[in-house]
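*Asks:* As listed in TrEMBL for this protein:
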type     : residues                                      : note
BINDING  : Asp53, Asp358, His362, Asp399, His400, His474 : Zn(2+) binding site
BINDING  : Asp53, His189, Ser191, Glu346                 : Mg(2+) binding site
ACT_SITE : Ser128                                        : active site, phosphoserine intermediate
REGION   : 244-265                                       : region 'Disordered'
Amino acid sequence: WGCTWRLPALLSPPDAEKTPGYWNKGARRKLELALALQPAAQRAKNIILFMGDGMGLSTMSAARIYKGQLAGGSGEESVLAMETFPHVALAKVSGAVLGETLLLPLLETPLHSSCFQTYTIDRQVPDSAGTGTAYLCGVKANAKTLGLSGAAVYGKCRTTFGNEVDSVLHRARLAGKSVGIVTTTRVQHASPGAAYAHSASRGWYADANMPQEALRDGCKDIAYQLVHNTDINVILGGGRMYMTPRRTPDPEYPEDPDQNGTRKDSRDLIAEWLSARQGARYVWDKKGLDAVKDDSVSHLMGLFEPKDMRYELNRNTSTDPSIVEMTEKAIRILRRNPNGFFLFVEDDHIACAGGRIDHGHHSGRAKQALMEAVMLDRAVARAGELTSPADTLTVVTADHSHVFTYGGSTPRGNSIFGLAPKKAKDKRAYTSILYGNGPGYSIRDGARPAASLPAAEDKDYRQQAAVPLETETHSGEDVVVLAQGPMANLFHGVQEQHYIAHAMAYAACLEPYATEPGCRAARRASHGTQCSPQPLLALLALCMAALIGRG
């Protein structure tokens, strides 16, 4: 279905909510929108995949409330931009494997909701490398491996060769589309790395991070593969230090040796990338990014931190671009290609071992994580303003969830970071948000310390956890997939996570679905070869001239 579903904003005075008519009217409006949905049979010219690393359902729900409270409301009635998408699915993080043949029945089934499992071949609860390989490359794999089938073994270089699998991004580039990566983490990290790399270890960022055995066996680090595997048009994120030789001073922190380049092979991968691409530009701060004119470059690389980019709440707005600004710049450059584009956008700060959503949860700092989720949603909204659902399939999902929850019978309008109204059995206050495990576990003088305000509202406050761990862990429940645009109806039901890549490839006529019915016409349309009246008019003019000459 190609239309955008606009939910009514339920922002009426509290008294109106006490009447049945208020709710009945709102439900009727939603029914009318649902009944008006029509299938969009055309293929997608463009695809944008938004990945909230660690953005489970509880994170989305809490981010919705936080968004509303940032706007001055009570929060519960707020709606995320991604929640306006008409098609919803769930991806399984654990469960049984289903075959590729599932795609064809789905094309004929009129369901509109799905669930996707996110487990890896060897783990019930996955990591971002295994899930990235699933939703980008279309196959389940082993944890901590990138762009490889399940036959590859973590950390064993020799198992790489012959087991490589290509991502949807790579296939889109081969099909003539422009492609891009935007991330709040280092561009060599697990989630973006699955778009272009084939690595037996997600931690092989540069050659300095690789064991000698792997180097001798011929494996390449992820940064090297970023430059040499796929011709990526736009690369925006962090990760400068993995691109330059050891002891190369960082342009932003020249006095800090910990931020210097790390490569042992003395290669300057940024220079190599620039020299191999005519019209390419490299920038390392917001000023440089803002100076790039959209129509002046074919390729843009922006690396804004030595490692991961800063949390939004810690970001220097004058030197570092936001995920919204990076997404907008990428779309403006990529959309110039008449064949279309594929863009992967990730906020890994939601959790903490990957993007910034992920990073926030791993450190037990819920406010950092939820702000990253809100920023990802703002990027989704901005992308919707720059594209059209008539030709752009937009998908929003997560790679996994976290042991994050909120509850405690809190009243309407309670700060999402506030306290529960009643004290716990130990007679001490606790926050609505809690973690199942992580660094927030604390015992003082033989008891749990009481939570208090305003400390619990601080951006670096660590919510309490039930089990002591150095970092909070992923959780294994299913994650949501939201979609709008051409073929968005393919996202429904309870599915394996690797199905996401297949649905996107089918929608855009990419391998292995390039010869499916309707793809030839889609290619003609994208190349501008539709029947045009101009050649007929020119032929008619020639005929008229010939007749006049004869007369």
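The backbone N, Cα and C atoms fix where each Cβ goes, glycine too.
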*Asks:* Among all protein chains shown, how many Cβ atoms are found within 10 Å of the Cβ of Asp399 (Zn(2+) binding site), not counting that one?
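*Replies:* Its Cβ has 35 other Cβ atoms within 10 Å.
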*Asks:* Specify the nearest of the recorded positions Ser128, Ser191, Glu346 to His400 (Zn(2+) binding site), where nearness means the distance between Cα atoms.
*Replies:* Ser128
*Asks:* If you measure Asp53 (Zn(2+) binding site) to Ser128 (active site, phosphoserine intermediate) at Cα, how many Å is it?
*Replies:* 8
*Asks:* Can you tell which of Asp53, Glu346 has the most other C-beta atoms within 10 Å, given these are the binding-site residues?
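*Replies:* Per the Cβ count within 10 Å, the most buried is Asp53.
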*Asks:* Could you round the CA separation between His362 (Zn(2+) binding site) and His189 (Mg(2+) binding site) to a whole angstrom and send it over?
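*Replies:* So the alpha carbons of His362 (Zn(2+) binding site) and His189 (Mg(2+) binding site) sit roughly 16 Å from each other.
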*Asks:* Nearest of the recorded positions to Asp399 (Zn(2+) binding site) by CA-CA distance, picking from Ser128, His189, Ser191, Glu346?
*Replies:* Ser128
*Asks:* What does the structure give for the C-alpha distance between Glu346 (Mg(2+) binding site) and His474 (Zn(2+) binding site)? Integer Å is fine.
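*Replies:* Cα of Glu346 (Mg(2+) binding site) to Cα of His474 (Zn(2+) binding site) measures 17 Å after rounding.
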*Asks:* Based on Cα distances to His474 (Zn(2+) binding site), point out the closest of the recorded positions Ser128, His189, Ser191.
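*Replies:* Nearest candidate: Ser128.
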